[in-house]
Structures are given as structure tokens and as C-alpha cells.
Amino acid sequence: MTGAQVAPPANARRRRASLPGWIEYAVLPLANLLAAFLVSGLVVLFVGENPFEAVKILLWGSLGFGEGIGFTLFYATNFMMTGLAVAVAFHAGLFNIGGEGQAYVGGLGVGLAALALDRYVPWWVTFPVAVAAAAVFGAAWALIPAWLQARRGSHIVITTIMFNFIASALMVWLLVDHLTPAGSMQPETRTFEAGAHLPELGGLFALLGLEIGGAPVNITLFVALAACVLVYVLIWRTRLGYEIRAVGFNPTAAVYAGISPVRITIVAMLISGALAGIMALNPIMGEQYRLQIDFVAGAGFVGIAVALMGRAHPVGIALASILFGMLYQGGAELAFEIPAISRDMIVVIQGLVILFAGALENMFRPGFIRGYGLFTEGRAPPAARAEGS
Amino acid sequence: MDFHSVILVLDSSVRLSVPLILAALAGLYSERSGIFDIGLEGKMLAGAFAAGAAGALAGSAIAGLAAGILASVGLALVHAYASITQRGNQIVSGVAINFLAAGLTAFLGYAWFSRGGQTPQLPASGRFQSLTWPGAEVVRDVPVVGPIYAELISGHNILVYLAILAVPFTWWVVYRTRFGLRLRAVGENPAAVDTAGISVVWLRYRAVIICGVFCGIAGSYLSIAQSAGFVRDMTAGKGFIALAALIFAKWRPWPVLGACLLFGLLDAVAIRLQGASLPGIGEVPVQFMQALPYVLTVILLAGFIGRAVPPKAGGIPYVKER
Amino acid sequence: ADVNPAVVYDAGGKFDKSFNEAAYTGAERFRSETGIEYRDFEVQNDSQREQALRNFARRGHDPIVAIGFSQAQAVEKVAQEYPDTHFAIIDMVVDLPNVRSVVFKEEEGSYLVGMIAAMASKTGKIGFVGGMDVPLIRKFACGYVQGAKAINPDIEVFQNMTGTTGAAWNDPVRGGELAKSQFDKGADVVYQAAGGTGLGVLQAAADEGKYSIGVDSNQNHIHPGSVLTSMLKRVDNAVYDAFMDLKDDAWSTGVEVMGLEQDGVGWALDEHNEDLITDDMKSKVDAASQDIVSGKTKVHDYMSDSTCPVS
Amino acid sequence: MSRSGEASHPPPAIELAGIDKSFGAVHANRNIDLKIGKGTIHGIVGENGAGKSTLMSILYGFYQADRGEIRIDGARVDIQSPDDAIAAGIGMVFQHFMLVEPFTVLENVMLGAEGGSLLRKGVAQARAELQRLERSYALEVDPDAVVGDLPVGLQQRIEILKALYRGAETLILDEPTGVLTPAEADHLFRILRQLRDQGKTVILITHKLREIMAVTDEVSVMRRGEIVDTLKTAETTPERLAELMVGRRVLLRVDKAAASPGAAMLDVRHLTLRDGRGVTRLDDISFEIRAGEIVGIAGVVGNGQSELLEVISGIRRATSGTVRVDGMPVDVTGTTDASYQRSIGVAHVPEDRHRMGLVVAFEENENAILGYHDDDAYLNGPFLDTDAVRDHARKRMEQYDIRPPDCRLKTENFSGGNQQKIVLAREMEQHPKVLLVGQPTRGVDIGAIEFIHHQLIAMRDAGASILLVSVELDEIRSLSDRILVMCGGRIVGERGPEASERELGLLMAGVGGPDPGATAGGPPR
Ligand SMILES: Nc1ncnc2c1ncn2[C@@H]1O[C@H](COP(=O)(O)OP(=O)(O)OP(=O)(O)O)[C@@H](O)[C@H]1O
Ligand SMILES: Nc1ncnc2c1ncn2[C@@H]1O[C@H](COP(=O)(O)OP(=O)(O)OP(=O)(O)O)[C@@H](O)[C@H]1O
Ligand SMILES: [Mg+2]
Ligand SMILES: [Mg+2]
């Protein structure tokens, strides 16, 4: 499995011991983020706009008013699910680039469940069925790459990329040829009836005195938050999580310990695919009330950035997904306010975050280690340096 | 299908496979040196945009090509810095580059030209025009040989011929030159190269830069040769098809040509096959043809048709001192 | 009345030389005539439509014109949230008391350019390249074939659609390949109704020395001498009228059908193609126009029954 | 051994002065001064991790020293990279070969010395030059063979050819005999002597004193990153060298009472293993270990010892054969795995703790249950009982004196010796019926070695059956009650602990005299 064992945690652990946790998990990610934003600012300058103005609009657009907050949370819900999906695979040493495709196919599950039930039952009956269907469809789409990695050693990065494209072709075919009502101009299913509309959280926010207007944030947010907790428990508090981490860090040692990397690879990818699949609930049953072409709109890839920024930890992922939610919502407002800045700016920022928090994660670390070393010089050495036998 | 249509489909396959050939060869240099590159797509896109923008502004195809190469090499250097100098995760870096390219091309295109991310239509001088070979018109009506010469061989733009020639050139570089020997070696065992007194870093940088050059040409082909301007997301997954072709070809130059022509043929057939039904199979959905290269690659990766073993040191940063 | 107009373009952008650019032209005309500023927005993905409409409504813009059928769902939703704001949508019907729906009789304009194509063709074979395969585009194709057959009942018309998703509007490479494949089969005139993809079609025709027919805006100038004519769809008028009507308190809701009679569709003749259109062609087309307006000639609308009598 | 005053001597071929090198927290070389005379074979000995490889890698330009300078033939040279070293006439054969496996011998030899930007001309030259070198040094090898297909002995030859092809005047060999049979090693030494006689300088790193005594002219001893002394080989003894190496007198024998073996606990019959490529790794292995007995396996690395441990511990599936643990048959060719083996009382201390025995990124307490994590004692349904796990870990740390005593510390932050103790504590404290132990003291300092040895003896005396695999013949001889010798995947002989090193060495090389116990079929007795 050497090929797949290139997931970030393996990288990140190299010299982790040399820095205390608060630098490692808070200061360093912030430094990476700052670098990403600095470069983004330069790009904004490059097209002749004022980056500070842009930041102001971005913040106002995402947090400045109720509807903005609602949208921010709506997007964050998507990213939380896909981020968790990427993170679970990371812990097993797997790089699941296929979140996009898994969410897309998960949407098929949601769509079918909704189409089958929406006319007959209330939403709270459709809801669990749709969650289960999303998870099953998403997991199924992850199964083949997982099996190929585990059994035949096919590089999972490549197979999941291929499966994203295959998913896209499959979904277009299904929507265009089978699911779209005759005469419709758009390849999308009919609009669901009330039985497949998830409750929006407007009422809840109103209790807090916040008017979120038309923002589609809905109860999927709670599903995502619950998923954060469950993933935390899974990874750090269960036997399965222990086995997943063991395989992720050192598959040879895992075999020695009687853990089957084949089984863990498949199980971890199934969980990952299921999490990605559940993401589909949010736009389909919470916003559009129909299954559309390309509804995932890159959320599967944002999950990569979110997982890297959040250091594959649910708390980090929750925070990072809110940050990306802000970028998406604030970015829309920004595009609206400053015509020369298009929404693509957030794709640029996303790329820079992945670059600095992922590929260049070691760029600032030596500096921090040196700085921290200077700072602590003369004090008692940290426990990590205590002499051995 | 009669003979003439076959020729025409093949002609179209050639046109469609050119960007794949260039990008797959680009990947060959990089991955043979041990640097995985899933950012072919992004570099190609950046190349296409820069070429389209410069071609439109300067009205010169050469200027466009130069800009395309420059932009692509720029991103290649980012990848090189992240994965060679900083020893970062090559996959993550590739993903980042794809995002950067997708975002920047659309963002700049939108800001500069206000056409929904497109660049302006190119004047004739801003494009590579097709070259008619001597005698093409004369022999056109000669049976068999005529159409082959006039349609298939003649009448492409210079980048098409460049791409085809790049295949034997790459073969020669990889197997017949010192650089090629070292390139192959560093992808298998960088420590062996290092102890032989060769700089692993510089060798890999060169490979990645060459990868950038080829991707830049591939992108330029899309925007200033095959069509007359850049369109948002113009590569539409071609970089990944090229990657698939590279794997399919097991990282070897001649098979790369074969795989790319095959994938180009699938595309050409898919374009022409709309609604047409095949005898015995019935109507083949276009989407099926579009997915076929990916499906084939997965099957190959699964080891059901041969086995694709990547360069041994691929994807692993070379770390001398821990 | 006080107007504070806004327009939301569809993907492709306001300078797409086609559909959206027509809308832009109409809005600009309104501005230069009245001196009233308007705001506009170019959507880049589906999720933005609704947000953009809502943003304009929240900021008090009125009327708000949405360009393109893909905005229908968004208009429907936002128009309900802002019942006092006036909306207009092009190419689709949204049945709400504050929405004006403007649809065009593309089949009529396509009929005319189909005649021109048939008259210009020397091979007796012509082509059509559509964008996304939707009923609207089949409507273009059906009108075109009817017109061509009116001139030459034996004419062969090759038809291709670029794709089945929104990406089909923006794929000039594929458009060019499709056009080339039609030229290879012997077509010498190709009509495109494919948005950004169409630019590839026009380019391919220019490269191969064949004729093309533009769509929506006047595209004759893009490749003078190669673009035979353009089927005009006066989205500019629709936008201009929507702005103007509200300003003059003449706003009406409901469906507005723009055919030849209302000058909503037509064909372009200008300095770039005057050498290509003979007097004979012109007189035949003008006669057909009159017949259509008078009702003497009926052009079948594909969308009325999802079938086309000819192919 | 200061010779600086004697002006008549030619300058040394190699002189290192004040070399210092750290890897992060590890101070690998401390202020090293070393002179190596021209036309001599100079040995460097030292324990694992003493810094031998690091020092030579610095001389070869592979690592850069933090301080110090290098002089060659009296002149100071600046060696920034292997390139500089090659130019200065230094060649090195690394401990881990630096070969490109899919390449041919010729390509490997040429790499970095291609003689022009095109290969064609260089290939012809290299072929001719290889033939010449082959003739002059009896280093025969097929230039067109693919290196990955060649046995290690030949691969090493290619490494030497590589150095000579580049015109090396000084040849460094880093533990060249680790992978060789004694006969192959003797051949190597003949070549080295020949090189010396032609005026070349050879530096030979090893920690096998026998080899030092056999072939070197001078020897330097390294300990904990320093050179503690340099001596003329003729004027010293192995005992003296050993003492210098570990810094005190060593007692190579372990005090232990005679074994009192009970019933057979581990019974292995006709065990055969063929790997994915069809190569036979274990060939009809049969033996048994009784309760209260330590059986040692001696052999050159790569002769099937690792595979034997892996099969019995359930990590690898055997091709055929049977294994019984305490009389119960185990399906080693099918269903069994590491976790089942543990459940029936087979514990395993693997040869490579970093690769296999530990997940170094885990906290210590997590490693303390690795392999036993499905034990009910640490579980609460599907959940881990973290309190129980940490309690358990703390107890073991105290019992085995693992330092620092912090069970939440990442395992990678413990020193090598302490990491080994973490593994030993985990496996021994399960009170297994059978304990499989591979290289228990590799990279562990002398204090810890004694501790580990005593633990093993104590376990034996408590009635466990122990299978011990070690490359240290001394360790095998001092701990084992019986010694089995493996060669080429077979058990080629059984000896008592009193067998001489020479006798075992011959057996290991597969040239031992006929041995009644080793005949195929019957278990040795
Ligand atoms: N590349 C490296 N990065 C970090 N530490 C290293 C590296 N190489 C060696 N070390 C450390 O430096 C010290 C000396 O190692 P070295 O390999 O020189 O020892 P050695 O004497 O050759 O041992 P052995 O007999 O096991 O080969 C050890 O503690 C080792 O862990
Ligand atoms: N990666 C690391 N990060 C932080 N500290 C480390 C790291 N590796 C080793 N250390 C610390 O450096 C010290 C020296 O490590 P080393 O492995 O050389 O120990 P040692 O002296 O060989 O001990 P032992 O004899 O037990 O093997 C140890 O106390 C260890 O805690
Ligand atoms: Mg060493
Ligand atoms: Mg140590």
C-alpha cells in the first residue's frame, strides 16, 4: 500500500514533538492561513482593487447580517460533512479525493428516497430514510476504489479521481435520460413535495433574535455537528478508531497487531464515502428540493482543504468549515459588490489554503521551532527530551 | 461507416488527442523523476488562459504560446518548490495547483475581459493555422492514400506535428541520453542518484520544469490552435484523462501515444455517435463513451489487464537527514 | 415612476457576443436614453442565481430582469418573497402576479435563416449545431429545418447537440468538432444555437471556408464573409421594454410572446454580409416573413407538442 | 598515535579533523579526529548507532558536517556533495545498497559517470572498462543483467565496481559483510587486500571483531559518536576492542541455571513458505521447543529467520506444514492471524520495533496494548476504556523502568532502548506460553541488554518456551539452551550452546559437516 500512504498525518508527525500543542494546532494553521490570505490579497491588488475593502465586504457579507450568517452556516454544513469524510480516510492513511463523486452519488440516494416518499409521508419519515440512502450510496461509490486499494494495490488517489468522473457521467446519464420529467429544460428531477423538505432553522434563529431571511440553513447542520462528535468518538475512543489510526500510521505494525489493513482500508473508505454522501442532504432536501446536475459544486474538494486546515480533527474541521462557509457566502457578496472580483476568488483562496496548510505545511515549522527554542532556552527541557535508560 | 468517414473520425481523433499527448508526456517527465503530478489539469488550464489572453492582446500566436508556457512553468515551479524543496505532499500540492489554476484563470479572465471568464476571440494572427502539405489537394482524390495524406497527415497546425514528434523525442531523451538515464534512476532510487554525485533536487526541478513546458504547450493548443480563445474550465478534465493515459501507458513514451490516440478516438466517436445506435448494442449513451477512458484506467489499475507499477520513489519526498 | 433596474445575466457573461450580450445592449440603450443607471450581475454557477436576485430585491432594485430559462426556479422563489418587486424572465414562463415572462418565437426566425441556408447551399446539405439538448433548442432546429425544406424539400439537414448539461453552452472545441464533422459530411452552411459553443462553430466555418449562421445577437461581424447571417432574438428589446414599461407606468405581467410580428425575432443584414445575400434571397425571405406575420404560413413550434414534423 | 612530528612520513590519505554532526537531538559525531594512512586497510568498529555510518557519509559528502575539516593527501578539501568526494577519489559502498533495481549492471555503473550527454559512447567505454576491472580484480558480473534480479553478494560487487569505475583511490565499505556468508566475506577480503596492495586505501566499517582482526592494518573504535582510540591491529586483541567499544569490560556470558525443559509447547513440522515470486523462503522446517527452554536460531540475515517468526506469529501464511501450540494444532496455512496467535498464547517481539513492533506516532499507552487492544480488559463494548489502558501502561512503565515515565508521551520521543522495553514489557507481561523474540537487543545499550537478557532467562525459568533469533552469535550462544542454524530457508544443523563461533559460522554458510539432526524429515533432537 505504499502508494496510498502519503496522507498528510504521516507527514505532519515528523517533527511534531518539538512544538507544544497550542503552536502546532493553533498558531501554525493560522500562520498558514495568513500566508494564503496574504497571497490572495496580492491577487486582489493585481486586478486593481483594494484588498482591505474586499476583506471588509467578505466579513460583512458572511457575518454582518442574519441572512449572511444563515448562508455561511448552510455552506459550512456541506464542508463539515465532506471535510470529515476526507479526515476519516486520512486517519487510515488514505487520501480520498473522491468526496465529490461520493457526494454526487449520495445525492442519487437522497433523490430517490425523496421521490419515493415525499407525497406520502411527512419529512421526518423521509429524513432518516434519505440519510441512510445517502450514506449507502456514498459508501457504495467509495467501495470499489477502496477494494482496489486494499486488495489489488491500485493507487486510491487515482482511482477516486477516475470515480469522480465516472460518477459525473453516470449522474448526467441518469438525470438526462431517466429522472428528468419530459419537457423540462434542465436535467433535474421534479421538485419535491413537502414530505421531502427539511425544516429550515429560521425559527430557531429567530428565538436567538436573528433574522436569517431566505437562508437555506436547515437541520442538516445538526446532522453535521453530530457527525463531528461521532467521528471524534470513532477515531479516538473506539477500538475501530484505534485500528484505523494504527493502519494509517504504520500498516506493518497493524498486521503485526492482528489488524487487517484490507478490512480497515475498506471500512474507513466506506465510512468516508457515507459521510460524503450525507452531504447531499443539505442542498437537495434542504435547499433546492430537487436533484440537479452538479449540485455538489466542488464541496467534495473543499473538504480536502477543510480537513487539511482542521488537521483531520473534528473540532478543527468544524472551525475550518465555518471559515470556508464564510468564504463562500462572503465571496458571493464580494462578487456582488465589486464587479471586478468574481466568485472565483474563493477558489483561488481555497487553492492557496490547500497549498500552504497542506503541501507547504513544513515551510513555517522550522521557523517556529527555532523561535520557540530561543524562547524557551535556559528553562528546563521539555519532558520529551528526558534522557532514556 | 465507409472509408472516408473512418479517415475523418481518425482525423478528429488526432486533433482531440494532441492535448492529451502533450500533457501525458509532461506527466511522464515529472513522474519518471519521482514527482507525482495530478496538477497536469491545472497547468494546462493556466497555459490555455495565458495563451488565449496574450494571443488576443498581442495578436501573435508565438506570444500566446510563450505566455502559455510561462504560466504553466510558473505553476510547475510552485509544485517543485512544495514537493522537492519543502518535501510536501505531492498529491496535496497537485490538488492545490488545480484549484489555483481554476480560480485564477476564471478570476483574471472575468476581471480583464468581462465575458464570463472567456478571452476575446483571437484574430487569425493570434492562432496557429493549419498547414497544408505540398500536394495535398492534388492527391486528395487518389483512392486510399489520397484521403490519408490530405486529411489525416496534412492540414493540421504546427502544434499537432510538434506533439507527435514529441513522442520519439521523449523516447530518445529518456532512453538515449544522460539526462534520461538519471531521470529514470531518480524516480526509482533517489539515494542512488545522490550518492553517484548528482543533485537530486536539480534533476527533479528540471523534470518538473519540462513538465510545465509541455503542459503549457498542451494548454496553448486548446486555446490558440484548436479554438480561437480561452473559455472557462476549457480543459474539462483533459489533464486527468492524460494522467489516465500515462498510467495506461505504464509511463512509457510510445504507449503514451497509443493510449492518447485511443482516448482521443473515444472522444471523436462520442461526438459523432450522438443518438446513433450500434448494431447489437443499441443506443450507446454519450456519457458511457465519456466515462470509458476512466473506466479503462481503473480496470488497468486493478491489474486485470497488465499491471501499472509507478516509479518506485514516486510520491515520496526524498529525505536525507531526518 | 421611479425605477432602479437590475439585470441578472446567465452564465456566459454579458460579453458573450450572443444571448447575454443582447440583454446588455438593451440595458445600455435604456441607460443612454434615460440617463438612469442600472445594476447587473453575471452568475457563474447555479447557486448564485437565487442569491443574486434576492440581493437585488433586498437592495430595492425594481424591476429585476432575469436572462435565460435556467433562472426560472430562482425567479419563482424570490418573486414570492418580494411580491412588490417587478420581475421579468426571458425564455421561460413563471406564473406569478409580479412576473413578466417573455418568450420568443424562435421557430419563426429560425425558419427564415433556414431558407437562407438552403438557398446558399450548393451541396444540398446543411447543418445545425445546438447547445444543450433542451426543448428550446429543438425549437430552433425545427424552425430551421422547416424553412430549409420550404426552399428545397430534398435538402439534408445534419443536426447535433453539444451536450446534455450546462457545460454544453461553453464548449467551443466540441462545437468546432461538430461543425467540422458536418462539413466533412458535405454540409456547406451550419446554423448554431449554442451560446459560447457557437463561437467554435463560427470559427470552424471560417477556417474551412464554409458558411455559418449566427444566433441571438448580430454575429455577422465576427467572421465577415463567412457568417451568412444571424438569427436575431431581440432580447435587447425585451430588457429595454421591461425597464421602460415600469418607468412609464406601463408594466404588464403575464406572458409576452415576441414573434416576427412583434419584431421579437428576425435576421441580420448588414455591411458584413450584404455580399452574401442576393436580392433573390432577400425577396424570398421578406415574402416568407410577411406570410408568417399574416398567418398564411404556419411555422410549427416544437415546444407545443414536443415533436417536429420535419427533420 | 600522534605522528605529526615525524616529517618524513607521507601525509595520510585521509585526515578528518574536528568533525561534528548532529541530527536534531541526536549528536551522531562528536569532534572526531582521524588519520588514515595511504595503502592501508583501516577498520572502524563500534556498536549500533555509534556514528560510524554518519562519519563515513560525511567523508563521502552525503551529509555535511556541522564543524570540522577534511584533508586528502595533506591538502584540505571542501566536500559538499558526493560529487566532490568522487572527484577527490573517494568511493563508498553503503550499508544499504544504492542501486537502481530495474537498471542493468552497466546502467548502474554508468550512472553519474556517463561520459557525455548522450549514452551511446559512454556505454561502449563502460563495457570495456568493466571487463578490464573484472579481469584485474576477479569481480565477475554480467553487465547486462538486471540488478534487481541478482543476489545480494553480486549487488555488492556492483557497488564496488561502481566505485572503482569512478577511479576511487579510497574505498569505504560500510558493514559489507552483514549480508554475506563467511565464504563470500572471505572472497571480499581477498579483493580488499588486492586493492590495498595496488596502493589503494580501504576503510572498512563493521562491528564484527573477527573481520577486523582478519583483514585490517589499523582500527579505530567509536563509541557514542566519539573515536575512543585508534590502534594497530597487530598490537591488539578482540577483547581489548570489545572493551573499548562498550566502554567497560564486557561479560559476554549470562549467568543462568541449567534448563529443565517440560512438555513440548511449540511443535513445528514440515513448515514451507513460498513467496509471491515462487521463491522458497522456508524449506521443510521442523523443530520443537519445550516449556522452560530457549532455542536460538543462528544464521546470516535473510536466510529465513524473519519469515519463520512471521509465520509462527500469524503475520504470514505458510504454504504448507503444521504448527502446534501446547498440543493444539494451528492453521498456519489458512485462517490464523496475529490476533488469534496471541489469543492462544504466542507472543512476539519483532525484529524491527520501528517498522513492526510499534506505531511510533501513538502515545505510549496506546502502544502498550498494541495487539492486545481487543482484550476485554481494555474495552467497553466497541469503545476503548482509556482509563484501564493508561493504568495498565503506567504499571508496565514502572515495572520495566521505562523512562520518562509518561504514558501519554508520543512513542517516537522515547530513546531506542526504552522503545524496545515498551515492546518487551507488552509481550512478556502477557505471560505467553510461547515467546518469539527477534533481535531483542539491536540498537540497545549495554545496561538495557543485561536487563533484557535477565528478563528472558526469568521467563524461561517460569516455564515459557522462547524462540530467539539474533544476528549476534554471542547473544545466541549465551542465552540459548539449544541452537538451530538456518541457511537458505532450511535448518542445517543443531548444536549446543557450547558450539564454537567457527563451527556455527561454517554451518551458517551452508558448508557444515553432515549433521544427523538436520536430515530432512525428522525433527532435530
Ligand atoms: N539521517 C539521519 N537522520 C537522523 N538521525 C540519524 C540519521 N542517520 C543516523 N542518525 C542517528 O545518528 C546516530 C548514529 O547513526 P549511524 O548510522 O552513524 O550509526 P552506526 O554506527 O553506523 O550504527 P549501525 O551499526 O547501526 O549502522 C544514531 O543515533 C542514528 O539514529
Ligand atoms: N524525534 C525525536 N524528537 C524528540 N526527541 C527525540 C527524538 N528522537 C530521540 N529523541 C530524544 O533524544 C534522546 C537520544 O535518543 P537516542 O535514540 O540516541 O537515545 P540513546 O542514547 O541511543 O538511548 P538508548 O540507549 O536507550 O537507545 C532520547 O532521550 C530521546 O528522548
Ligand atoms: Mg551504520
Ligand atoms: Mg539508541
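Note that Cβ sites are derived from N, Cα and C of the backbone, with glycine treated the same way.
All annotation found in TrEMBL is predicted automatically rather than curated by experts.
Here TrEMBL flags B:7-29, B:49-79, B:91-113, B:158-175, B:207-224, B:230-249, B:254-271, B:291-310 as transmembrane segment.
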Grab the same-chain neighbours of the transmembrane segment (B:291-310) for me: Cβ-Cβ under 8 Å, and only residues 6 or more beyond its ends, written as numbers and ranges.
31, 36, 240-241, 244-245, 247-248, 250-251, 262-263, 266
Could you give the residue numbers and ranges of same-chain residues that sit at least 6 residues beyond the transmembrane segment (B:158-175) on either side and whose C-beta is under 8 angstroms from one of its C-beta atoms?
14-15, 18, 21-22, 25, 28-29, 32, 65, 128, 131, 183-184, 214, 217-218, 220-221, 225, 253-254, 256-257
With the transmembrane segment (B:49-79) as the reference, find which of B:7-29, B:91-113, B:207-224, B:230-249, B:254-271 contributes the most Cβ pairs under 8 Å.
B:207-224
Taking the transmembrane segment (B:230-249) as the reference, which of B:7-29, B:91-113, B:207-224 gives the largest number of Cβ pairs under 8 angstroms?
B:7-29
Short question: which residues 6 or more past the ends of the transmembrane segment (B:91-113) have a Cβ under 8 Å from it?
36-39, 41-43, 45-46, 48-49, 53, 75, 78-79, 82-83, 119-120, 230, 232-233, 239, 315
Contact set, same chain, for the transmembrane segment (B:7-29): CB under 8 Å, 6 or more residues outside the stretch:
1, 37, 40, 43-44, 147-148, 151-152, 156, 159-160, 163-164, 166-167, 170, 174, 183, 207-208, 210-215, 217-219, 221-222, 226, 235, 238-239, 241-243, 245-246, 249, 251-253, 256-257, 259-261, 263-265, 267-269, 271-272
